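Taken straight from TrEMBL:
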| type | residues | note |
| --- | --- | --- |
| TRANSMEM | 16-39 | transmembrane segment |
| DOMAIN | 17-475 | domain 'Major facilitator superfamily (MFS) profile' |
| TRANSMEM | 83-104 | transmembrane segment |
| TRANSMEM | 110-129 | transmembrane segment |
| TRANSMEM | 141-160 | transmembrane segment |
| TRANSMEM | 172-191 | transmembrane segment |
| TRANSMEM | 203-223 | transmembrane segment |
| TRANSMEM | 235-251 | transmembrane segment |
| TRANSMEM | 271-295 | transmembrane segment |
| TRANSMEM | 307-325 | transmembrane segment |
| TRANSMEM | 332-352 | transmembrane segment |
| TRANSMEM | 364-387 | transmembrane segment |
| TRANSMEM | 453-475 | transmembrane segment |
Amino acid sequence: MTMEQGASGTARGRGWFMALICLGVFVVYMDATIVNVALPEMQMKLAVGLNSLQWVVDGYTLTFACLLLMAGTVGDIIGHKRVFAIGMIGFTAFSACCALANSIDELVTFRFLQGAFGALMIPASLAMIRNLYEDPAARAKAIGIWAGLGGLALAVGPLAGGWLVEGAGWKSIFWINVPIGIVVFAILLAVKRETVRNRDRSLDVPGQALFILAVGALTYALIEGHSLGWGSARIMGSFIAAGVLLAAFLLRESLAREPLLPLGLFRNPVFTAACFVNFFGFFGLYAIVFLMTLYFQNVEGWSPTGAGVRFLSLNVSIMIASFAWSSIAARVSPTVLIPAGMLAMGGSLMALTAVEPGSAYADYAWALAGIGIGVSFAGSSATVALMASVPLHRAGTASGVANTFRQLSAVFGVALSGTLVSARLPDSSSASLLSIGGGDAATRFADGMHDAFLLSAAGCFFAAVAAVGLLAAVARRRTVAPNG
C-alpha cells in the first residue's frame, strides 16, 4: 500500500499509521528514563559507581540531542520514511547489543549508538505526521498527541522499568525494545510512498562536529567535576573547551550557506518561546524522574516496581492532560496555555521541596500530578504554535531545533541534578549516591534533591515570563499589521 492509500486515504488508515509512528517514538523516548530504576542493579552487577551510571543515562541523551538537528536535514534529503526506518532498525539492533553487554564500557558505547539511531526517528516522525493531515485542526490535534507522547513515555519509563527489572533483571529493559522495533519496521516497509525530498540541501558536517564536541565537553565537566575536583586541570579544560567550541559553532552557523542551526529562526518569537519551554520544562521533568527514582529505592527502600508505581500520579496526569489538551486548546489560546503550564510546573516543583525522608506519598502525589499537567499543556501548545509559525520548507529544521532543546534539557537535567545531590552527601565517592540508607545521608540526599528542584522551578518561572513577553510581541504585531 502507499502512504496515500493506506494512511492518507481514510481516517482509519491515518489513525493506524499515526499509531505506528507513535509506537516507535514512544520506545525511543521511554529509553531515556526506563534505565533509572535499573541503576542500583547495574551498579551491583557491573561493579561501578555513579559517574559511570550517569553516562548510561546521559550517553543516550547526549547523542540523541546532538544528532536531532542533522537528522531533520537528512530526512529532507533522502525522505523521512526512509530515515525513520533506518533509525528504527538501528535503535532495535543496539538495544539488543545493550542487553548483551558484559561491561560498563560496552554498555555506555552501545547507549551512545542507540541514542544516535533514535535521534533519526524524531524529526522524521513529526514530518510524516504533518504530511498525513492536510486539515489544520486535524494536524494540530495529531501534533499535540505526538508532543504529549514524549512526556508520557518519559514518565512511564520508571514504571515499566520497575516491573521488568524486578521480574527479569536489568537487561530486560533493553530486550523489550527488540520485538517492538521489528514489528514497527516490518509494517513500515509496506508503506511505499515517501515524503517529498529536497536533494538540493546539504549537510553541515563541520557544524555538527563542533556541536557534539561542545555539548560533550560541557557534559563531561558537569558529570565528572565533583569526583575529579572542579578546579582540576581536566575539568577546567573541559569547561574552556566547551566555551571555545560553542563560540566556533555559532560562528560557523552564522557563515554557513546551509547551517545546521539557522540562527535566523530565533528572530521568530514563537520559535524562541517554544525552545525555552522545551528546555526548562523537560529539564525539570528529567531531574524529577532521575532523582526521585533513586530517592524511592535508596532512601525510602522501595523495590524497583514500588518506585515505578509512585510515578503513577505523574503518568496518569500526563496521559489525561495529553488527550484533554486538544479540546482545551480549541478554546484557549497558546498565549495562555504555555505560561500557565510552566507556572503550574514551577509551583509543583517548589512543593516537592517539602519532601523529606519518611514523607507520605499522599503529601506530594498531587505535586507530581501538577507537573504532568503543566508539562503536557505547555509542551503540546508550544509545539503546535511553533509548527504553525514557520513555513513548510522550514518545518523539519524548526522541529529538530526545538526537540534538540528538549533533549539537551535531559542531558543537563541529569548531569546537574546528580551533581547537586552529590555535593550534599558526606561521602564524596560516586557510589554514595546509590548506597544511601537512612540517617544523615538520607537527609542530605533530600537537601540536594531540593536544590535541584528549586533550580528547575526557577527555570520554569523564567520560561513562563519569557513566553508571555515573546507571545505578546507576536500578538501586538498581528494587531498592528492590518492598520500598517
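The backbone N, Cα and C atoms fix where each Cβ goes, glycine too.
Sequence-distant residue pairs (6 or more apart) of the transmembrane segment (307-325) and the transmembrane segment (332-352) include fewer than 3 whose Cβ atoms are under 8 Å, leaving the two stretches without contact. Under the criterion of 3 or more C-beta pairs below 8 Å, with sequence separation of 6 or more, the transmembrane segment (271-295) and the transmembrane segment (235-251) do not qualify as touching, having fewer than 3 such pairs.
A Cβ distance under 8 Å defines the sequence-distant neighbours of the transmembrane segment (453-475), meaning residues of its chain 6+ beyond its ends; these are 269-270, 272-273, 276-277, 279-281, 283-284, 287-288, 334-335, 338-339, 342-343, 345-347, 349-350, 352-353, 374, 378, 382, 385, 389, 413, 416-417, 420. When the stretches 16-39, 110-129, 141-160 are ranked by Cβ pairs under 8 Å to the transmembrane segment (172-191), first place goes to 16-39. Long-range contacts of the transmembrane segment (16-39) within the same chain, counting only residues at least 6 positions beyond its ends with a Cβ under 8 Å from a Cβ of the stretch, are 3, 6-7, 53, 56-57, 60-61, 64, 84, 87-88, 91, 95, 114, 118, 121-122, 125, 128-129, 132, 142, 145-146, 149-150, 152-158, 160-162, 164-165, 170, 173, 176-177, 180-181, 184, 187-188, 191, 286, 289-290, 293-294, 297, 304, 307-308, 410, 434. If you count C-beta pairs under 8 angstroms between the transmembrane segment (141-160) and each of 110-129, 332-352, 364-387, the highest count goes to 364-387. Residues 273, 277, 280-281, 284, 288, 364, 366-371, 373-379, 381-382, 384-385, 450, 453-454, 456-461, 463-465, 467-468, 471-472, 475 of the same chain, all 6+ positions outside the transmembrane segment (332-352), place their C-beta atoms under 8 angstroms from a C-beta of that stretch.
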